[in-house]
Amino acid sequence: MKLKKVLLFPALSLLLLIPPPPPAEAQQPVRCSQPVAATPELLAEMPAPTLDLAPSHALATGKGIRVAVIDTGVSPHPRLGGVIDGGDLIDIPATDHPEDPGGALQDCDGHGTVVAGVIATRPDPRDDFIGVAPDAEILSIRQSSARYRAADDSPVGTLGTLATAIHRAVEQQAQIISISVVACVPTDIAAGLDTSTLDAALHRAEATGIVVVAAAGNHGSGCEPGAVVYPAHSPTVLAVSGYRDPHQIAEYSLPVPEQALLSAPGLVPAALSPDGEGLALGLAGEQGAVPFEGTSFAAPVVAGTVALLKEHQPELSSAEIREWILATADPASGAVDPLRVLSHLPPENSTSARVLEVPALLPTRPVAAQRTLGLLTALGVGVLLTLTFLGGRR
């Protein structure tokens with residue numbers, strides 16, 4: 001059967017603006033994304049954060065909770081405390097890329113650091129920005145990049161390496177896994193796709209009591225309504241859409257069929273700078289700063305909320321936490337409010353009608369039915385997605 005490749009890319013429009021690399025034989029050293037610094041004057045003009053986290057932090061701050069960020073790496077920013085290097089699944093010769101010596105504490109894309117910051121930014125008296133769970137511990141596992149190509153010129157980041165990253169998170173005692181990369185698969189292909197490697201990793205996380213949170217995905221080339229999105233569509237994963245208004249899902253968010261709706265703010269007005277210093281308004285683009293917006297940044301809001309809940313209610317299982325989060329989300333928009341989550345007292349012996357059933361792990365399909373999931377990063381579809389963005393869909 002002919003092998004097919006499926007798109008895997010950070011669920012974020014800004015990464016899709018990075019131009020593709022030249023052909024392998026002509027490649028030059030890669031330049032990392034350049035953050036646009038947030039000056040004190042610009043920060044003073046920022047609106048108040050969408051979520052008022054102070055009441056939630058009076059109840060929990062995520063202390064003692066380890067969150068694995070499976071992404072493009074996390075820079076060791078001083079406002080993240082000590083980020084743990086959980087391993088690098090991208091094979092990059094340092095001599096070819098002097099700006100990026102490798103390791104999970106490198107974020108050449110300017111993505112994973114922002115995700116981690118949404119979860120666990122420590123407070124600073126000079127600004128009002130703080131993470132949802134500021135005392136949580138970040139475990140960085142670098143699994144994807146839109147900046148590099150593999151030795152055979154294929155994009156980096158596959159379902160196989162995603163599964164490996166999940167296993168690493170389990171082995172390094174993560175309690176929550178936050179994933180802001182997606183693989184969009186047309187339904188006709190998904191029906192015959194063997195995802196047993198990923199399924200097994202997610203099952204292991206579930207059995208270990210780890211809550212997995214993932215971005216629902218953004219509209220874009222190869223990622224359209226009706227597509228099956230991995231890992232967001234897996235039954236043990238909390239899939240998160242983005243909103244600009246808590247009463248309405250943002251138009252860029254993909255729907256998540258057959259799952260209860262969850263959503264969180266998708267815009268980060270100012271984020272921890274991926275260069276490891278200060279705050280950034282976005283990444284440098286041809287027409288100025290490209291803002292940090294997308295379901296990539298909604299997912300870590302929920303991951304941080306789960307960290308608060310795990311500290312506040314440590315006896316809850318992963319299934320009970322999913323039920324708790326779903327039961328407290330806004331019935332219309334799925335908006336997750338950390339304070340509502342922490343204040344929730346479910347009736348004794350009750351179950352939410354929105355809780356998801358977790359099927360048994362399915363056996364591997366016959367070899368003849370297997371199809372390779374060579375998951376392309378954003379670079380493989382950069383031009384088309386950039387055109388969609390420039391057409392006004394932000």
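Residue 1 is the first one shown; counting continues down the chain.
Placed from the backbone N, Cα and C atoms, the Cβ positions cover glycine too.
Annotated signal peptide per TrEMBL: 1-26, in sequence order. Annotated domain 'Peptidase S8/S53' per TrEMBL: 62-331, in sequence order. According to TrEMBL, the feature active site, charge relay system maps to D71, H111, S296. Annotated transmembrane segment per TrEMBL: 373-392, in sequence order.
Here the C-alpha separation of D71 (active site, charge relay system) and S296 (active site, charge relay system) works out to 10 Å. In this structure, the CA atom of H111 (active site, charge relay system) is 9 Å away from the CA atom of S296 (active site, charge relay system). Under the three-state DSSP scheme, H111 (active site, charge relay system) falls in the coil class. D71 (active site, charge relay system) falls within a strand segment according to DSSP. The 10 Å shell around the Cβ of H111 (active site, charge relay system) contains 32 further Cβ atoms across the protein chains shown.
Model confidence over the domain 'Peptidase S8/S53' (62-331) stands at 92, taken as the mean pLDDT rounded to a whole number. In terms of local Cβ density within 10 Å, S296 ranks first among the active-site residues D71, S296.
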